[in-house]
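First up is the structure itself, then whatever we jot down about it.
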Amino acid sequence: MQMVQKREKVSPLRRGVYRNLWLLALLAAVFLLGCNTGQYRVAPLEVFWTLMGKGSPTAQLVLIEFRLPRLCLAAMVGLGMGMSGVIMQDLLHNDLASPGTLGVSAGSGLFVTLYAAFFSSQRGMALMLPVLAMAGGLVSAGLIFLLGANRRKPLQPTRLIMTGVAMSSAYGAFGTFLTLLIDENRLEFLQRWQSGELWGTQWNYIAIFGVWLLVFLVLTYRQSYVLNVINIGYDVARGLGVNVGRQFVFLSFCAVALSSSSVAFGGNFFFLGLIGPHIARRLVGTDARVLLPASGIVAGIIVMLADMLVQGISLFANIPTGIIVSVLSVPYFLYLLIKS
């Protein structure tokens, strides 16, 4: 009798978990590569001993004070923007939804610009920036839904996105006006920050950002099942007992919190929340339980690679990281726009 062995099928969820592990390994590899990127070369073995506290004084200074905080910030900014993009795309059932296209990032940026323009004190800046950025993002999101939604008709994602683009232009114009009122030192900071400058590379900023990010990552991931159901359809979600209105508001709040904190400490990365989820969706599928972490990891890798170009190539030395991310992302964005 001939034995026929059937290949055991791997569930999409398990496949997504495996691919997330591979993405984590890739993130770790990029992280180690980033430790050796710059004018001062640090061998991989020396990186290990330095992290163990046994490296040379020069290596400890370069790694602990400069490269490690910058790499950590890049990964965290990508994590926040990537997961925020997944939430917005699933809630609105639209591939073009993201903190950038909906105007949330621009609203966060405007409030940070107001703070930088009129308050020169650095005390409490690490605590104030994420709070102000989230306030700006929430105000922006509220205005966009108020102007873009129609109570007499179902929610129209395309209309919301167009409203967000218009509001982004208005915020940008007002932000440009504010830059005319400030001194040269703060003007240079704002211009670079608005272009995606990873400025919050001190460990105290990273600690505040990390706690903030962790809280909203946990809150978001606990609602991944609800996000899956809403992504199928609002009527289906209501039929399964989901309070769509309440969950929509809560998840939107989490998305704004994730993106605004990333904007506060990492600057404005317009396309990051759009590109990261699409690449991750091709790798792990649409299940939010694996898509949320995958999108954050992919976006983090993108920011880290872009920052490595800035740090490692003299031609890009004075270019903000966000500009490199935008240049790399624009072709894919145009592809999505044509496809939609």
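Keep in mind that glycine also has a Cβ here, set from the backbone N, Cα and C atoms.
Lifted from TrEMBL, the feature list:
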TRANSMEM  100-119  transmembrane segment
TRANSMEM  125-148  transmembrane segment
TRANSMEM  160-182  transmembrane segment
TRANSMEM  202-221  transmembrane segment
TRANSMEM  248-271  transmembrane segment
TRANSMEM  291-310  transmembrane segment
TRANSMEM  317-338  transmembrane segment
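Packing against the transmembrane segment (202-221) from elsewhere in the chain are residues 69, 72-73, 76, 79-80, 83, 87, 126-127, 130, 251, 254-255, 257-258, 261, 264-265, 289, 292-293, 296: each is 6 or more residues past its ends and has a CB under 8 Å from a CB in it. Through the fold, the transmembrane segment (317-338) approaches residues 74, 95-96, 192, 195-198, 267-272, 274-275, 278, 302-303, 306-307, 309-310 of its own chain, all at least 6 residues removed from its boundaries and within a Cβ separation under 8 Å.
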